[in-house]
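Annotated features in Swiss-Prot:
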ACT_SITE  D16  active site, nucleophile
BINDING   D16, D18, D216  Mg(2+) 1 binding site
ACT_SITE  D18  active site, proton donor/acceptor
BINDING   R25, R129, R140, R147, S185, D187  alpha-D-mannose 1-phosphate binding site
BINDING   Y228, D230, T233  Mg(2+) 2 binding site
Amino acid sequence: MTTAALKRDEILLLFDVDGTLTMPRSVVTPEFEEFFYSRVKPRATIGIVGGSDLEKMFEQLNGRKILNEFDFIFPENGLVQIEGGKEVGKQNIIMHLGEETVKRFINFVLRYLSELDVPIKRGTFIEFRNGMMNVCPIGRQCTREERNMFAEYDIEHKVREKMIKDLKQEFADVDLTYSIGGQISFDVFPHGWDKTYCLRHIEAHYKFKEIHFFGDKTEPGGNDYEIYSDPRTISHRVYTPKDTQRILTEILEL
């Protein structure tokens, strides 16, 4: 049986946000929204799984209406689980690691960043979330132009890659995973708390015949890698919403 022949409740389509439903840190276009909600949603169960918190998902996907449009929303790699617009579960990194370890990590990162020489620095260098910490060497309060500039700088100088290497050495005694996502930051979370975490919730409550995942950061070290390479998913590497639309049109025969 082809994917297109499956009933809506037999297939789940899971999507990353940046580079998949939107361009990086941009808002979804009206054209893509129209295609997605009018043609894809009637054909398949739909969900989003992102590293960002729910508020950032609201910003990029045109507000709180996604609570009604998506069957599943998994912010913070699925450490927060939302079904039918209601939160049904949440995990907490402080309870898992302990306050002393979290404090030690944050203190080290702040010292490290204070001595790091990058072209610009702005504000919000560490963002604390339920299931992870997000570290941004230039600060998340940068403009879009500054974000793009750092992304190019990082390709050449590998700022994030080098910092992760140093953190792995310093915190070898702590069960932490480091994952580069987006243009300017990286996520830090306990082992196994990557995007595959959402599959635990899905498998515990549902029996889909196929689970498809769409994402862009699918290389080792990228924040889509674990779920992209998981045998439970049929995965599709994309780089833009146009790629996503093209593949959806093909597999659902729209």
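Here the Cβ of each residue, glycine as well, is placed from N, Cα and C on the backbone.
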When each of the recorded positions D16, D18, D187, D216, D230 is scored by other CB atoms within 10 A, the minimum falls on D230
Spatial neighbours of R25 (alpha-D-mannose 1-phosphate binding site) among the recorded positions D16, D18, D216, Y228, D230, T233, defined as Cα within 10 A: which are they? D18
Rounded Cα-Cα span from R129 (alpha-D-mannose 1-phosphate binding site) to D216 (Mg(2+) 1 binding site), Å: 22
What's the CA to CA span in angstrom from D187 (alpha-D-mannose 1-phosphate binding site) over to D18 (Mg(2+) 1 binding site)? 15
Three-state secondary structure of R140 (alpha-D-mannose 1-phosphate binding site) from DSSP? coil
If you count other CB atoms within 10 A of each CB, which of S185, T233 wins among these binding-site residues? S185
Please identify, among the recorded positions D16, D18, Y228, the one with the smallest Cα-Cα distance to S185 (alpha-D-mannose 1-phosphate binding site). D18
Neighbour count first, Cβ atoms within 10 Å, every protein chain included; then name which of R140, Y228 tops the list of binding-site residues. Y228
